[in-house]
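Supplied in structure tokens, the structure appears directly below.
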């Protein structure tokens, strides 16, 4: 109930006493799984992450980990109120699930809007290539004349493909059922993939922008102008990482690091007999 991973791991290390502890019940007939089904106090693990979706993910991780150590006969056991642990979990986390759904939809919509802008810009850049097009043959004027044109082509294509991919991923998030089980792995994994694809599209767009400057201004006195512009072109990608650091931290904590907490040591503790 209070989400102490060290105590949970200790249960694994006490040998045969574990079988006795996991079958204990309180005065209301609640098993260990019923207690894990109750929503964590605000001052506990839920303060470690921001965003209702990641809080819901953490709660599901705890519930499923406790469920693994429970005897099969007690998984669907009903307490004195006539509720199983799963029913109690759904009741306790009803509001959190709604908040998690709203948070996930809002995040997906905002990210999809950014990805759409990137895809539009990348598509427009592919049509209006730097240096123009030969009206007679329809071939780009800079094709084969500078290696920067190849950089532009690859980066622009990468920006468009990755942004289109992120749009589809965020669309799948919006169309999800938003069931409790979806917040355990499905939705966090989709959000990770969508954000990675979005970051790749922004980075590739900046590379395409910088290479376009080298193509356009390479014939001038020096490369100072395109180099200067290229350095500043990297700022959006860097700012994206910095501004989204807390979000990435919450994602990693709720989907990866928190699962690493449930790894008891190989040491076994036994009661000494007199």
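Glycine too: its Cβ is placed from the backbone N, Cα and C atoms.
What TrEMBL records for this protein is below:
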DOMAIN    102-215  domain 'PGG'
TRANSMEM  111-129  transmembrane segment
TRANSMEM  149-175  transmembrane segment
TRANSMEM  187-217  transmembrane segment
TRANSMEM  223-243  transmembrane segment
Can you tell me which parts of the same chain pack against the transmembrane segment (149-175), counting only residues 6+ beyond its ends and a CB-CB cutoff under 8 A?
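Cβ under 8 Å, 6 or more out: 104-105, 108-109, 111-112, 115-116, 118-119, 121-123, 125-126, 129-131, 140, 142-143, 187, 190-191, 193-195, 197-198, 200-202, 204-205, 207-208, 211-212, 215.
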Do you know the DSSP helix, strand and coil residue counts for the domain 'PGG' (102-215)?
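Split into helix, strand and coil, the domain 'PGG' (102-215) gives 88 helix, 2 strand, 24 coil.
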